[in-house]
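The ATP binding site annotation in TrEMBL covers N12, V13, G14, K15, S16, S17. Under the heading domain 'OBG-type G', TrEMBL lists 3-259. Here TrEMBL flags 281-364 as domain 'TGS'.
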Amino acid sequence: MGLRIGILGLPNVGKSSLLNALTSAGVEASNYPFTTIERNVGMVSAPDPRLEILAATLEPDEVIPASVTFVDIAGLIEGASRGEGLGNKFLAHIREVDALAHVVRCFNDENVVHVHGVVDPIADLEIVETELLLADLDRVERTAEKIKKVFKAKPTAALPLMEILDMAAGRLRGGEPGRRWPRELLESLRREEAFQDLHLLTAKPVVIVANVQEDHLDGEPWISRLRERLGVAEEVIPIPIKLEAEISELPEDEAAEFLKELGAGERGLDRLVRTGARLLKLITFYTIANDKLQAWNIPEGTRAVDAAGRIHTDMAKGFIRMEVMAYKDLVDTRSRVELHRKGLIRAEGKDYRIADGDVCQVLFKV
């Protein structure tokens, strides 16, 4: 499974329009506080200039980019953590994604109602963040109660676990999301089997998508206020979502020309995908087999055998070795035969850590 990014925010901030822009899926953008809990899901190809260069170099019959799945999570409302609106199911959907794109509205439009009657992206941000903090706190407290019952006969055995949960609860009560906690605390929560079902929402990486107007691309004064409020903790990406959705409907050459006229070096959508991958510390490796070139996203530090399993479980089970070429070497020589002659194709075992840009071929037995 590739990278999954949940599109999050209050109603009417541009979530469905963002998914439309990303996938050209034509999802209805409803002008109502909340109408559905069904998730709209779209899959897009991750932008990858290296894949294009490799394709031009190797000339395979088929080229498959890495995929990114976007999930439009229906609009949260104040009180969702207490189950108000359709909150419980919204929160469950958030737990299923790897990272969050939190959309906030940074434009005035009398034709698009705001759920609270006034455009204030900082207030919107804080409402959603508060709901996620409260949902996490509830989960931590429930876990603590469960542990107390399990260790009722031996309460001292539960002390180390309760100490970790107390630290987590204290930080949540203080308004500190999990993604800003010390690494040691997060690793303790992940390591202990008793905490496996926590799945803290606020521990997920977040990028803030500021939905701006096409005639006000800098989004000021809201963008400056958002960055002042967040500091360096989260990245803010201004995206004119309505305009991006329209560009998505254009042929590729017309879209490129339009972006050139706007003076845009890249689309905000491409930056969003790249930022999501960077926040999750993902790297890209490539496979070439049966004249098919394919890109794969994996976490930094993944072992060769686990990367093979990402391609197919049989490859991990019957793993023999992995033949590895460096991206730069392959592009420079333009020939696998030449790489072999120069001794630049390495045979690596199952514990080899895949490097970003590795071009690999897996040898395995069924």
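Backbone N, Cα and C atoms are what each Cβ position is placed from, and that goes for glycine too.
Where the annotation comes from TrEMBL, it is an automatic prediction and has not been curated.
In the structure shown, the C-beta of S16 has more C-beta neighbours within 10 angstroms than that of any other entry among the binding-site residues N12, S16, S17. Within 10 Å of the C-beta of V13 (ATP binding site) there are 29 other C-beta atoms, taking all protein chains into account. Other Cβ atoms within 10 Å of the Cβ of K15 (ATP binding site), summed over all protein chains shown, number 28. Residue counts of the domain 'TGS' (281-364) by helix, strand and coil are 26 helix, 34 strand, 24 coil (DSSP-based).
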